[in-house]
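Right, one structure below, let's go through it.
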Amino acid sequence: MTAELEWRRTWTPTLTSKPWRRINFSDHESLFFVKCNFQDNTYEICLTDLKNAWYEYVEEEDFKKRVEKLNPNMEAPVETLLEHIRTSMEDDKEGTKYAISFVRPLFSMGDGDGSKVLLTLSGLLEGVPFVWKFHLQSAHRDLFYDHMTKSLLTMVTELMRRQEELVQVIKSKDKEIEDYKTQGVRTSRKHIETAPFDETAFLNNMVNSQGFEDTATSFLEKVFTGPSDSGLRQLYRDIAVKQAWLERPTETKEDDEEENFAEDTFDNNMETAGDDISGAAQSFGDKRLPPSLMGEGWQRKSPAKSDGKQSTETTPVKDAEQMRREALERRLAEEEEKKEEKTKKKKKLGL
């Protein structure tokens with residue numbers, strides 16, 4: 001979980017993680033859904049009628065040229081214009097109008113119907129009229145699968161899982177209430193007392209309810225509506241981010257595993273060394289690095305000379321220092337072996 005949190009802090013949101021929202025056109029009655037991803041000087045947008053999908057990606061130079069053509073008197077930084085377009089597309093902005101037109105080919109080749117979409121946004125920017133036109137091309141079918149089909153199926157599966165979890169919570173609450181009743185506890189008001197939860201009866205009631213009929217006839221009016229941080233739109237985003245984490249590059253996963261392995265190995269070595277160290281040796285070793293890490297310029301200050309003979313007897317202090325040095329050397333050797341193995345893997349893969 002810690003690794004995922006660290007990844008989220010550095011991860012840059014993509015178009016896939018942006019939730020759909022319903023967009024209404026003044027000149028078209030059909031239902032359309034749109035999603036956008038804006039960066040500092042680029043944007044990408046996807047539009048769908050739930051049957052086809054259209055897509056556009058624009059970089060800074062093309063954006064500037066289109067601004068000069070559509071708004072020749074507009075003088076504003078690229079970041080300001082992109083932010084205005086983003087807020088106008090991600091939420092219904094007062095005074096903003098949307099229009100759509102299609103260019104359909106006589107013959108269609110490949111994926112999609114080959115049509116092009118001109119989506120026009122018009123409104124005011126700091127009191128000045130501003131117009132923007134998106135030129136969307138028919139998208140590959142994989143895009144529709146990744147952004148709509150796959151996500152919706154995952155959402156249905158997740159909602160089923162949550163329903164099962166809620167049923168278990170309710171049943172646990174029933175057991176708790178029953179335990180209270182056996183101890184003589186009673187509700188203060190009769191009308192708030194409930195019967196034990198019956199899952200089968202509940203599901204039958206849902207199928208035969210008016211709400212089920214309303215959902216079956218007007219689901220398109222309720223899906224992907226409301227604020228971007230609530231309901232199905234938030235669930236869509238949560239699922240997309242989780243999938244991005246699970247599908248991150250394999251090399252990143254290997255690095256995480258190797259890093260965790262190195263940390264565990266070092267900790268184990270230090271624990272083994274620590275088991276054989278006396279209290280006096282521990283207090284000495286905690287405050288000074290071993291000489292092997294101090295560099296060539298470090299010299300041990302010798303005590304006063306006794307008889308000119310060098311003692312070969314070991315002490316707890318020397319044992320502690322030696323064990324710590326060996327533990328660090330083992331760790332460095334293991335890390336070097338891992339680097340060599342990783343380099344060999346990359347060479348085999350042609351990287």
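Heads up, residue numbers simply count up from 1 along the chain you see.
Backbone N, Cα and C define each Cβ position, glycine as well.
Keep in mind that this is a model prediction, so the values were computed, not measured.
These come from TrEMBL:
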type	residues	note
COMPBIAS	253-266	compositional bias 'Acidic residues'
COMPBIAS	304-333	compositional bias 'Basic and acidic residues'
DOMAIN	19-137	domain 'XLF-like N-terminal'
DOMAIN	147-188	domain 'XLF-like coiled-coil region'
REGION	247-351	region 'Disordered'
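On the 0 to 100 pLDDT scale, the domain 'XLF-like N-terminal' (19-137) averages 89 in this prediction. With DSSP states grouped into helix (H, G, I), strand (E, B) and coil, the domain 'XLF-like N-terminal' (19-137) comes out at 24 helix, 55 strand, 40 coil.
Each residue in the domain 'XLF-like coiled-coil region' (147-188) gets a DSSP state, and the totals come to 36 helix, 0 strand, 6 coil.
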